[in-house]
Amino acid sequence: MLKVAIVGKPNVGKSTLFNRLIKNRIAIVDDTPGITRDRIFGDVEWLTKRFQIIDTGGLTTESDVFQRAIEQQVQFAIDEADIILFVCSYKEGINADDHYAAKLLKKHKNKKIIFVLNKIENQNKDQLNLSSYFSLGFGKPMIISAEHAIGIGDLLDEIIGLKDQFGNKKEQELVATFCIIGKPNVGKSSLLNQLLKKERVLVSDIPGTTRDAIDATFSYNKELYKVIDTAGIRRKGKIATRIEKFSVQRTQQAISRSKMILLMLDGSVDLSEQDEVIGGLCYEANLPTIIVVNKWDLVKKDDKTMELFKKQIRSKFKYLPWSPIIFISAKANLRIDTIFQTIKLIQAQLKIKISTSLLNDVVQKAHMINQPPIFNGNRLSITYTTQAQGQIPTFVLFCNNPDYLHFSYARYLENKIREAFGLSYVPITLYFKSKNARNRKLSKDVKFKQTGYDLE
């Protein structure tokens, strides 16, 4: 796929342009310079043609604790991109940072560079004073306002017009899309860099280095995956700034865009209430979740350590009893392959389709062996069960009246279905519906999800 990188100094509107092009608010946008630190990837479609857009951190001559790493990330983006959008701001004018970015880009004579002048709001284009911008050495800029969508169509036409120069690369089908979530500094970015085999994300001992949710595609054993790394979720009392609040929202959005979750824990410290809260997001999302215990190389171990830690996890995450638990060290590159082995196991279980006759045999047998308790004045009677379409295994059980269902019996049936059909690593959902129209009007269907049930 054609790759286009957005490059420029801080606060020229790179992230606003990125969000405008992908028609979604993924990159954090704020008036504070330097908000974007990592590369952020998104897909753009224009006139039935697609390309990948890369947002980058701002280039500046000023010293910053992260500036050297940010510049490294920008360099990675330039290296992998086919086209560079060099963005300047008409509102702020040019300064030493613009010249610094221009000097860096001029070193890449093999790259196609489109000079873009942003933040042209309501000015008449014919009255613009562009003389100072010619000093950057890239000719006349394309005039846009990313915030107000002015000139965006012309910019997209220019990019698509260059697409044929770079050939058409066949797009490989994704095996899985998953996000990595966890509290700050558990090693999410270190794992992502291990998966990608390069320093794609800033890694630091300072908690909260990653602010955006960062999409990346990579190949493992010749199969294509998409991973979404996220900012660490802090305790509510520590979400002090707008930027941190945006990061929490990005994490929630990353989960909504994923098909699977890697919940990362720090194995070198005790589990915290914060870990439990983040685990609750996995439960609410109702997505397959792999609990990944990181930094296992730092733990003093004997033959019982792993099992004891698993028991602690099961005690803290009672609402995720089906989630597999694996132990890795992202920094030391230990047992990373177990992530993909587990993903493949989960994918296989998600694809299981059960014949209606076999499913009814299992449910009716379970029903006969263990009769439902009397609840709300009567006993539940199940007459028919079928598998419904869904992202996770979903089953509809027709009964005399869902009001007679006790949650313990729903859990019993869930466990029987899991045992019979090998659904040990995925969430499943049971819908209890009345078999006749009259009861359907008088009662509510019951949705049983994992370890509890909600009235629909």
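Each residue, glycine too, has its Cβ placed from N, Cα and C.
Taken from Swiss-Prot, the feature domain 'EngA-type G 1' covers 2-167. What Swiss-Prot records for 8-15, 55-59, 118-121 is GTP 1 binding site. Residues annotated as domain 'EngA-type G 2' in Swiss-Prot: 176-351. The GTP 2 binding site annotation in Swiss-Prot covers 182-189, 229-233, 294-297 and is backed by sequence analysis. The domain 'KH-like' annotation in Swiss-Prot covers 352-436 and is backed by sequence analysis.
Summarising model confidence by region, the domain 'EngA-type G 2' (176-351) averages a pLDDT of 82. Mapped onto DSSP helix, strand and coil, the domain 'KH-like' (352-436) counts 32 helix, 23 strand, 30 coil. Between the alpha carbons (Cα) of Asn185 (GTP 2 binding site) and Lys14 (GTP 1 binding site) lies a span of roughly 27 Å.
Lys188 (GTP 2 binding site) falls within a helix when secondary structure is assigned with DSSP.
With a cut-off of 8 Å between CB atoms and residues at least 6 apart in sequence, the same chain places Val7, Gly8, Lys9, Pro10, Ile70, Glu71, Val74, Asp97, Tyr100, Ala101, Leu104 near Leu59 (GTP 1 binding site), listed in sequence order. If you compare Cα positions, Lys14 (GTP 1 binding site) sits closest to Lys188 out of the binding-site residues Gly182, Lys188, Trp296.
Between the C-alpha atoms of Asn11 (GTP 1 binding site) and Gly182 (GTP 2 binding site), the distance comes to 29 Å.
Of the binding-site residues Asn11, Thr56, Asn185, Thr56 has the largest number of other Cβ atoms within 10 Å of its own Cβ.
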